[in-house]
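J.: Taken from TrEMBL, the feature transmembrane segment applies to B:6-25, B:32-58, B:78-97, B:104-122, B:152-172, B:202-227, B:239-264, B:276-296.
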Amino acid sequence: MNVMRKTLLISAMVAAGTTAQAANVSDDVVKIGVLGDMSGVYADISGQGSVEAVKMAVEDFGGTVLGKKIEVVHADDQNKPDVGSVIARKWVEEENVDVINGAVASSVTGAVTKFMSSKEKITLIAASASHAFTTKACSPFNAHWTYDVVSLANGTVKPMVQSGKKKWFFVTADYAFGHALEKVATGVISNNGGEVVGGVRAPLGTTDFSSYILQAQSSGADVIALANAGTDMVNALKTAAEFGVTDMVDVAGLLVFTPNAQALDPAVAGGMKLTTGFYWDMDDQTREWSKRYMARMDGKIPAMPHAGAYSSTMHYLKAVEAAGTDESKAVMAKMKEMPVEDFFSRNGYLRKDGRMVHDMLQVRIKNADERRDGNDIFAIEQIIPGKDAFLKLEEGGCKFALES
Amino acid sequence: MNNKKLNLILLGLALVAPLVLYPVFLMKVLCFALFACAFNLLLGFSGLLSFGHAVFLGSGSYITGYLMLSVEGLTPEVAILAGVAVSAAIGFVYGKLAVKREGIYFAMVTLALAQLAFFFYLQAPFTGGEDGIQGIPRGKLFGVIDLSDNLVMYYFVLAVFIGGFALIYRTIHSPFGQVMKAIRENEPRAISLGYKVNQYKLLCFVISATLAGLAGSTKALVFQLASLTDVHWFMSGEVVLMTLLGGMGTIWGPVLGAGTIVTLQNALAAGPLGNYIHVIMGVVFVICVLAFRNGLVGELQKLVKRNF
């Protein structure tokens, strides 16, 4: 049996080798897998919206590339690294998926990018926050698109410290993402002459933040930084408002997505400053795209990962066309060569280490009397140029990018 | 019924299955089947409901994963043995504490101990917290056979499964297994006959924990990942569901239960019903408890008995 298995294996390998050489596009189809949280806490900021955004990009591109069909498949990773990596494995090994777009929770993204890199396939990271994928866990097959913890900390924390808010207190989500965000933000604070006077770590999914907020209040801090996301951020902020803390000190949300901001009462959240990679109502270009998106999504406004999913898919398809093949290395070379300029990305380019550097927005949540309607949430305060927003290539310590 | 023939047919099917079905999916089924069988040894044959069995699965997978990743040149069988040994040790300590209580208290003690371990694994630096241990190399079995190929890995997992399954089969059909069943049916009588009940329970607990650890260690190599999912109490609940659905106290029940649940999860994750995965699992559980308490295999056996 051993001999038979060996011959089977060899013949399979030979067959795989010849098909890869014969056609420019492997198995005559470019298949994009959208992996995201379709049903859990991050479903609003990725989920079906990301699937629609990727489909929009494919339709806008014309549905074919190099004369071959483009297909989109999607699946729910349930925010679990094991589920995500099993899906990725099945997609690549069984269904000939060429590229994965999405992966939200940083833990899932870590597992998926490791697997994809081992198979020399590209991952377009459109929703994850951790900056690990372009620093210590970087790979020549990662493209980190929308934002990361560094750009959030730089955008939100730096101007506040510089304006004289020196004492900071952290309310941190007690898992990898929260810790990373707190660490990066602490660095920004101390580099700009501020200090961290204290912090608490709340488990993911905490509903009662009162004891944490009271600790923050009694710490004498100028700013309470919320290093959490989604419903955790919403609950912490609500509690702060109920205790009247928001009238006395500033509260800074370090990661606030548009749906979260929209869900908050303007009386609670109005005036809060935050950083985002995209806002639908920025200019004509963003409005044009967002209107088309909303028409497909029952009027829901896009969050930044949705816009990032579209932009990264579009750029990938353009690179496939320019490279004349869907072979990952050639496509990635083209992606890093061509500028990224569309409704989402301004002055954007994909850096050697896989970081897509583009302008970020510092925004303020509008008060009730400023709002035109329910979708009118942010007022743009400042545009942060990409080179200031993201970590520098040299500081990131991504080995392959520094060596080449 | 000719059992030998049936076993041979099943073995034959398992050998050719990866040529038709996706090997990684089959390996997942086998790992969970072994886990469920180990759990069933405890619940089905000694009547002890452990609600913290995920700890043994997770410990096995964390230890194996960590060793494979950090120790240069370590062969997978050594890493698996280390994972299994740690699971057995934890099983001994937890079992020693838990068997002193019965019924719901036993379940609560195991759950509490499992939560302790969960938070340990969440905070311990070597586990990578929420990220888990990623990119575990499969390595070369005995330093010779490269496991990175899915087909080779499948036959290795199949061998591990058959080994574990045979051990469980042997345990159940040994005098020790008879005593276990006696304790399950009537504990005071077993005591009055002079059996040291707690020692029997403890040994059963340790065997079950060891095999659960074996399943976890193998799973870590298959998916090249060890994560919090493996130690979370959801996993403890899932194995209860697998065992009940397949048929508690039957030999093949947990295998069928694990196969059904894993297939369901796989089919649902990709389809349009993906959003309702938890709802559907809940409904399955309720139907199972209300309509066929003996599980799939249990009902099948009843049907066979009645009609043939």
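Numbering starts at 1 and runs along the chain as it is shown here.
In case you wondered, yes, glycine gets a Cβ from its N, Cα and C as well.
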J.: Where, among B:78-97, B:104-122, B:152-172, B:202-227, B:239-264, do we find the most CB pairs under 8 A to the transmembrane segment (B:276-296)?
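T.: Checked against B:78-97, B:104-122, B:152-172, B:202-227, B:239-264; highest Cβ contact count belongs to B:239-264.
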J.: With a cut-off of 8 Å between Cβ atoms, can you find at least three pairs linking the transmembrane segment (B:6-25) to the transmembrane segment (B:152-172)? Only pairs 6 or more residues apart in sequence count.
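T.: The transmembrane segment (B:152-172) and the transmembrane segment (B:6-25): touching, yes.
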J.: Six or more residues beyond either end and a Cβ under 8 Å away: which residues meet both conditions relative to the transmembrane segment (B:32-58)?
T.: 87, 90-91, 94, 98-99, 106-108, 110-115, 117-118, 121, 160-161, 164-165, 168, 171-172, 177, 180-181, 183-184, 200-201, 204-205, 207-216, 218-219, 226, 228, 230-237, 239-240, 242-243, 246, 248-250, 253-255, 257-259, 261-262
J.: By a Cβ-Cβ criterion of under 8 Å, what residues six or more beyond either terminus of the transmembrane segment (B:202-227) are in contact with it?
T.: 24, 27-28, 30-32, 34-35, 37-39, 41-42, 45-46, 48, 50, 53, 56-66, 68, 76, 79-80, 83-84, 86-88, 90-92, 94-96, 98-99, 127, 131-139, 147, 153, 157, 160, 164, 167-168, 171, 176, 180
J.: Which residues of the chain, 6 or more past the ends of the transmembrane segment (B:78-97), have a CB below 8 A from one of its CBs?
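T.: For the transmembrane segment (B:78-97), the far contacts come to 52, 55-56, 59-64, 67-68, 71, 109-110, 113, 117, 139, 160, 201-202, 205-206, 208-210, 212-214, 216-218, 220-221.
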